[in-house]
Structures are given as structure tokens and as C-alpha cells.
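Q: Once you've had a glance at the structure underneath, I'll fire off some questions.
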Amino acid sequence: MNLLLVNDDGIHSQALRQLALALAKQHRVTVVAPDREQSAVSHGINLWDPLFVKEVPLGEGIRAYSVTGKPADCTRLGLKNLTEEPVDLVISGPNYGINAGGDLLYSGTVSAALEAAMLHQKAIAVSAPREADMETVIQVFLDLLEQIDLEQDVRQVLNINIPALPRKKIKGVKWAPQGGAQWLDSYEERVAPDGRHYFWPLSQGGPRDPGKDNDYTWLKAGYVSLTPLQMFMTDPEGFSGKEFVL
């Protein structure tokens, strides 16, 4: 396949390099990634500044570019300008940190995949906990990729989360809806050396309202979670039918 590989951790991510080299053994790979860390930038794109592109040596047979933009910019630029032949699949990741539940609204990794869907291109986003062994994560992903039927299994975007477990301890693979897990973040007021007050975000640890039988809970139970995503955000059950008068 002809693959476009993007991420939000940036072109210098070791996991990005590892996955690119592994994919290049069987596929044609073009890498387009931000020139710096761009986690949690959601679906932002660059409208007012030029996007500077620099070719980066990443490995034999791999065309790789860093971009002074956000993950969604990398997908757009990659599909429109930096790939010579039609792309069969966009892969976003592997991300350091899971993307499940409420994470999906903030994730640059997931947004880069959804940007592909907006351009009528199928995509897969892949993430794992920060403590995961990336060699294991990549091998699990490659095994899944061999089994995925793009026509049947990927309608727009497939979001994959892989647990931080040794290969033999992963219990299996589960199709799962997006859960409602949200992290109870708060802000601590602090004082800078120059006397200015500022707020620093704090993580409270576990999530609030994780729910049951969803991407987050299956991942925590030791399974790989597969969640189909779409770019359309309309709530089909939200039409009350009420008539308004102006």
C-alpha cells in the first residue's frame, strides 16, 4: 500500500521513526509530521502563517518531512502536495498516551485522522499509554493492519488503543464505542519569579464517569480497543421537533 504517516508528537518522535521503518518493509511510506510537539491541539489548522516544509532523513526508502503546522495541517499537506501517488491509507500515530473517551475531542492524533476523512481518505489512529513498550505496540499494530479489510473495517476512521502490556498478556481485541471518561483536571494558581500570577494545570489521576463496555474500560481491562469514528457531529436524537417563531 501507499501510506501517509502523520502524528502529533512531532517528527522527532522515536515511535514515529520505528513505525515508519517497520511499515517501509512492505509498503511505500511518506511521513509528514509537525516540527515540534503538538499534543492536545485538537483539530486546529494554520490559516494565517506560511507552512514551512523541510525534508528529514528518517530511513532508507522513506520520504519524510517536518512541517511548521499542526497535525491536521500535516494530513492536508501530505495528501494534497507531498505524496506523488494516490494514498491508500493515512496512519496517525503511534501516540504516546491513550486516546479514549473525552480525549478524542482534544487529540491531535485523532484529529489528523479525521482530517483525512474530510478529504475522503480512510485513516487509522493508533495510541498507547505512555508507559507502554513501543516495540510491542508497533508489532501489535502491524499484526492488526495485516488483518484489517479497508473496505469492511474502516468506513472513515478507525481509532485503535493498545494496552501497556507484554504481548502475551494482552487478552484480545474488542470493538468498542467511545466512552464518557473525562479527567478531573484543575488549575493551581502560582506566582512567577517576576511576581506575575499564573495558573498551572493539574491532573487528578483517574477519569470521571468512565462508563462500561467502551474504549476506555476495555483498554484498562487489558484489551486492544477498536472504535469507528466519523467526522460528522450531528446528534441524530437531538432534534426535539419544537417549532420556533421569530
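Cβ atoms are placed via backbone N, Cα and C, with glycine included.
TrEMBL lists these features:
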DOMAIN    4-183  domain 'Survival protein SurE-like phosphatase/nucleotidase'
BINDING   D8, D9, S39, N95  divalent metal cation binding site
Q: Need the DSSP three-state call for N95 (divalent metal cation binding site) to compare against my parser.
A: strand
Q: Please compare the binding-site residues D8, D9 by how many other CB atoms fall within 10 Å of each one's CB, and tell me which has the fewest.
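A: Result for the binding-site residues D8, D9: minimum number of other Cβ atoms within 10 Å at D9.
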Q: For the domain 'Survival protein SurE-like phosphatase/nucleotidase' (4-183), what's the model's average pLDDT?
A: 96
Q: Counting Cβ neighbours within 10 Å across all chains shown, tell me which of the binding-site residues S39, N95 comes out on top.
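A: By the 10 Å Cβ neighbour count, N95 comes out on top.
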Q: May I have the list of same-chain residues other than D8, D9, S39, N95 whose Cβ is within 8 Å of the Cβ centroid of the recorded divalent metal cation site, in sequence order?
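A: Once D8, D9, S39, N95 are set aside, the remaining close residues are N7, G10, S13, E37, Q38, P71, G93, Y96, G97, S107, G108, T109.
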Q: What does DSSP assign D9 (divalent metal cation binding site), in three states?
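A: Looking at the DSSP assignment, D9 (divalent metal cation binding site) belongs to neither helix nor strand, so coil.
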Q: Under DSSP, is S39 (divalent metal cation binding site) part of a helix or a strand, or is it coil?
A: coil
